[in-house]
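Read the structure below first, then the notes.
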Amino acid sequence: MFAEGQIQKVPILGKESIHIGYKMQDHIVSEIVANIKSSTYILVTDTNIEDLGYVESLKTKFEAAFAKDGIKSRLLTYTVAPGETSKSRATKAAIEDWMLSKGCTRDTVILAVGGGVIGDMIGYVAATFMRGVRFVQIPTTLLAMVDSSIGGKTAIDTPLGKNLVGAFWQPVNIFIDTSFLETLPVREFINGMAEVIKTAAFYDAEEFTRLESASEIFLSTIKKRDAKDPRRVDLSPITDTIGRIVLGSARIKAAVVSADEREGGLRNLLNFGHSIGHAYEAILTPYILHGECVAIGMVKEAELSRYLGILSPVAVARLAKCIKAYELPVSLDDATVKARSHGKKCPVDDLLRIMGVDKKNDGSTKKIVILSAIGKTHEQKASSVADKDIRFVLSEEVIVGEAPVGDKKSYTVTPPGSKSISNRAFVLTALGKGPCKLRNLLHSDDTQHMLEAIELLGGASFEWEADGETLLVTGNGGKLTAPAQELYLGNAGTASRFLTTAATLVQKGDKDHVILTGNKRMQERPIGPLVDALRSNGADIAFQNAEGSLPLKIEAGVGLKGGLIEVAATVSSQYVSSLLMCAPYAQTPVTLSLVGGKPISQFYIDMTIAMMADFGVVVTKDETKEHTYHIPQGVYTNPEEYVVESDASSATYPLAYAAMTGHTVTVPNIGSKSLQGDARFAIDVLKAMGCTVEQTATSTTVTGVPNLKAIAVDMEPMTDAFLTACVVAAVSEGTTVITGIANQRVKECNRIEAMRVQLAKYGVVCRELEDGIEVDGISRSDLKTPVSVHSYDDHRVAMSFSLLSSIMAAPVAIEERRCVEKTWPGWWDVLSGVFNVPLEGVTLAKTVSKAESGLSKPSIFIVGMRGAGKTHLGAQAANHLGYEFIDLDQLLEKDLDTTIPQLIADKGWDHFRAEELRLLKQCLNDKSEGYVISCGGGVVETPAARDALQTFKGVGGIVLHVHRPVSRILEYLNKDQSRPAFVDDLEAVWQRRKELYRSVSSNVFFAPHCDSAEATAKVQQMLGAFLDRVTGKSEFVIPHKDQFTSFLSLTFPDVSIAATMLPSLSEGCSALELRVDLLNENDEAIPSEEYVLSQLAILRQNVDLPILYTVRTKAQGGRFPDDKPVELANLVNLGLKTAVELLDVELTYPAELVSSVGASRGYTKLLGSHHDFPGALNWSSLEWENMYARAEAVPVDVVKLVGMAKSFSDNFALENFREAHTSSPLLAINMGSHGQLSRVTNTLLTPVTHADLPVAAAPGQLSVEEINQTRSTIGMFNKNLSFFIVGTPIGHSKSPILHNTMFKKLGLPYEYSRFKTDDAAAVNAKARALLAQGNLGGISVTIPLKQDIIPFLDEVSPLAQQIGAVNTIIPGPNGTLKGDNTDILGLVNALTRFGANSLDKKTALIVGAGGTSLAAVHGLRSLGFAKILIANRTLSKAEAIADKFDNVEAVTLDSFVANKYTPSVIVSCVPATTFSMLDESNKLVSAALAASPKGLVLEAAYSAEATPLLKQVMDVEGWEFISGLYMLTEQGFEQFRLWTGIPAPKEVGEKAVLGN
């Protein structure tokens, strides 16, 4: 900085008006008073600056100066709220109105004391007040000092973007007092560094280099706060740095502004990073600061320069590394950005729209500052860039078009440095002593993680040279110390393995241990064998989460003993390389023995040994023992220079491009002398497939051929290249067999499975082998075009499929395109810029469901205790889904030709478990789709079986835990003597297995005890509904806010006490909320999972409504303990496992729980909730904004925000909030009596209560009836809506009493009437007239108009079209009429209610062939009847209907008897009055009743009288008669729902029609 009182002056626009100094408040005041005279000075600042005492200090100094010189001026002060939201029209207007009220005139001088927001806005006030008054900039933040205060650009923000309304208005002076920085918060300091880095990046390469090396001391200084006053910091260690960057940036900006004040071209350069950065800021403000958005914008604009072929990949990597070094974000995926913005999305279309109103643009052409090198721009102005190129850089996915066809060309491509060699070089130089210049390093995410970790461990210092092409590493000879923070390695598998061993050499430092961790996928990847080897040699390592994977806790100061170390090398050669490189630093020489068979990827082991020799340590191979190495003690000596080969794995992509397109491609720096096994790819794979290959010691050239041929190849020396080989094999003649690649199952993903699944999308058939894959090549013309290719966040998957997609005639979308940055950040630039393959950025619609698996019909593996019902329910499940059922125990007995008891008696339990595991794995592999497989109860006792089931679950398979009351299971098992006896006590077995079932299962189905056929049928119905939810066949649809939906909040401690009341309690509700936290099981604070499952089952048994599953914590007004996160997670996940329709997720749940629920929701919809019980928030507070954004970030399907009203006006504030937040469905209400109006005006899933509940779930809750009556009173319902029935005769129709009773029950102000007519045109005329007035509610259609009305309708549902009849008319959008048919549902529900699902469904009989009979056929088919018979007096009519369907047959009495049919259901579609006159029908029904021992007879005619058919059935034992009135009410309930959007109150409706 500067000595106190020392002032540096910088000229701008011909005047030395920029004054820079330290503690210069006296200078500021004296300069203003002496040289900028005025009657009124106005000091405008924000509350943060005011709270720090600066305003009072300046005020005192001004008043002293006025008094001293006898000046009769006044100083007024005005304070605004801090933050970007204050930079608005409203704030500007408020300041101007206040100034006018204070009598300010043209001579007023405004002093802007604050950051960029204050400077920009107050400058604009000065520019417009009285047509312009003088103002002075006094910046207090680093960002304002180096950027926004200089140049006279003033502005405010608008909803469409930042700084769009403003003026050029130069300040009289800019006083930069760096002492203000001593109270600058850490985040604001870092925020300001973005502008410093920006200036250096486009203008000053030397300063950029200085910034690269200064981050560590800069950050450590600004973070070291004064213990007595944490707001203050001692900046003395970086005095010179701050002085230099402030003065340097001010000079650069002043020079540019002086040359181009009005932004004609040159001044645009100051906007590097801002074109895209401002677009991000417009969306992310106020969560993400200006500098943070500019940091992301700089990286994106640099990537754009690279994509256009102007900027080198090294320069982009340097810029990103420098930005990250100052803890600024480089992408939206930055964890801090996600956390602060609550994961708010920045849609590319929105970003481009915002960029479209940038001031630099030339009409519709966007202009962006393009770098050509660090410190240089492509042009001396912003350059014109096409939208498609910007879109590509901003997009997360890419559409790959067809490569140019025609003349064959030659290309030369140099891939980035080898990741394998780069990472080894980092470890060796860090463990080595002295300086070493590393050239051609890979700049990637992986190597960046390695570099950052080595720096944190103190292993080496790094300095970039030659524009970032060379890295000077100065190693510390293996002296590593434990850092304060954990080492985060992302998904960098190589870094994790190499650093695991290196971390054992660490001495105690800031901590006495080292934590190695990574992202979610990294925490699934194996590292167990390496840890086992290190532990056996004395290292103290603990798994922090899952056994065998990161995160690891490694104790410091322990080291390695040396001597013999054994490691399994059949999974990863990196375990071996890790041990080899660190072995010289063990306490004694090391003998490394590789056990378990032939090592995988021997080439990489040889590479490590060769590189160790280059650094002075020679490894010798044992001459007698296979796979054994001797490593001496020592310290590596760093060579002066080490050149990293290009990555041979990456080189396979351009070479394969040549093979597939017929072009010629040369990779100039990889040849036969390469250290890397993948260098053999061209010879061993492409040449064998028919390509022309020329390979020298240092280069490789491939020319493709029209007809590639399949090969068999062992790719063990080059396993990473197998993915490239697969896509070439896909268009080769014959079947390619690739082996030796078992390790590829445990890379970034299971790559063998990934290639099989994704190639299938192209129509290419693959088969997985134990250590490889078979690929059936097909003709290019037979390739199918996938909707999209899933990359699994795996760089090699993405790059491989980009090649296959480039030879497709139709474009292909590839997801997660950025994953290539792991090894080749510029791959897409090569594909587009070198090979001219058309690329287009795209944002694909994301559906949150099961993990990408390629399993269209995932099999269901059932686990659970013996006696839980696995076989019985499994067979039912298979029947319901149309899958094949297998009992694993029975299959095993058949396979081994023995019984399980005999097998155990002969060979013991261990042998049985081994055979069971073998068969399980076989089924998981061969029967992964279309099966329901019941496993033995003890399968989970075998760890490998659990692993296999969990793996299957992880790729989208279903592992279903079937359970029933434990007491019933134990009771059954104690009686069962047919199976092997348990070794342990049954209760102990259950307690042991309970957790194991939970760990492997994706879902759980609880079957309650059944004591009747009806109860058994209900459980079967529950199972079918459950399976439909799990498989996505039935998915809850979030209602539209215009539908007036609600849910009943159940508050019973045990819902069984209200089981029979549930239908009446829930009348008019769209869902039931089970408050799990309110359940009381034996006065325990937390109910058991079995108790919760039993409660859910009671709800499912008694009400067919969706369930909202809620575990409300005490902090959010519930009863669940806040200090039980594990138990909370278990209960929340139980809701997901039962596939509830809706799950409440408190937005204040632990972040990892919210994240896991969001990722594993299946088809469950999420309701993200926050409740302000204390009433601390008002609806204009930022906290509600944050909660809304946090909910969208999960993302949830419904946002639920609940405030506490303190006055009636809080309801209007809530409605303003609702109106402003429409991007996600919003349930927003106020609690308390003052807030009851909000429950009326909220129309989406309003929580309601009922008079018969023990208590209301929240203060102020109302019933459905109360809410609807109020809505009616205040005009939310249209009282003039008309509902009626049409047809003739309708005088005795029960529909009016049905609907009017239901309207009244729910407090709806409607009337249902009759319109007698047989003229469809008259119905249409009346309906259209009512539609025009907005007064049509709905119409029931009966005979004779069900067919006649169809031509008059605008739309007819598919079901009604199939039947050819409409019984319901619904008003549609834009004055349309839609026809539907609810008769089918009426018929199905009536039969189901009386137990149709428990009957034998071989045959059903329909009597009559009129319009209703078509509905009957559809209904019976949907119930699962295998054969349907139809009889009619006129046989041809029955035959006409039968001909429309499979398995429907027209019968006569004679054919019925002759075929000995045994129907279990009879449906009469003959009018009740004519049935007795039909002698044939009478006889046929009599024959059917006699043919079966039991069944149901449904009379489809709506008659309340005792009909002839009823009398006929009453005399037959085992048969039950169902009145047509049940069908009437059931179809009417569906009509009611279609018209109102509200479920019908069935109990009162039915009672009105049927009586008691």
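A Cβ is built for glycine as well, from the same backbone N, Cα and C atoms used for every other residue.
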- Zn(2+) binding in Swiss-Prot involves His274, His290; of Glu195, Glu206, Glu207, the partner in that site is Glu195
- Query: To the nearest whole angstrom, what is the C-alpha distance linking His290 (7-phospho-2-dehydro-3-deoxy-D-arabino-heptonate binding site) and Ala868 (ATP binding site)?
  - Reply: 60
- By a three-class reduction of DSSP, Cys819 (active site, for EPSP synthase activity) is assigned helix
- Item | Candidate recorded positions Arg866, Ala868, Lys1200, pick with smallest Cα gap to Glu263 (active site, proton acceptor) | Lys1200
- Query: Near the Cβ of Gly864 (ATP binding site), how many other Cβ atoms are there if near means within 10 Å?
  - Reply: 28
- Excluding its own, the Cβ atoms lying within 10 Å of the Cβ of Arg866 (ATP binding site) add up to 19
- Task: Count, for each of the recorded positions Ile197, Leu270, Cys819, Met865, the other C-beta atoms lying within 10 angstroms of its own C-beta, and report the residue with the smallest count.
- Result: Cys819
- Query: Which whole number is the mean pLDDT over the region 'Shikimate kinase' (858-1049)?
  - Reply: 88
- Which has the fewest other Cβ atoms within 10 Å: Asn163, Thr871, the binding-site residues listed? Thr871
- Task: Can you tell which of Arg267, Lys1200 has the least company, meaning the fewest other C-beta atoms within 10 angstroms of its C-beta, among these recorded positions?
- Result: Arg267
- Going by C-alpha distance, which of the recorded positions Lys87, Arg866, His1171, Lys1200 is nearest to Asn163 (7-phospho-2-dehydro-3-deoxy-D-arabino-heptonate binding site)? Lys87
- For the recorded ATP site formed by Gly864, Met865, Arg866, Gly867, Ala868, Gly869, Lys870, Thr871, which further same-chain residues have Cβ atoms within 8 Å of the site's Cβ center? Gly937, Val962, Arg964, Ile969
- Query: Judged by the number of other CB atoms within 10 angstroms, which among Arg131, His278, His290, Lys870 is the least packed of the recorded positions?
  - Reply: Arg131
- Please tell me which one of the recorded positions listed here (Lys87, Thr141, His278, His1171) sits closest to Cys819 (active site, for EPSP synthase activity), measuring Cα to Cα? His278
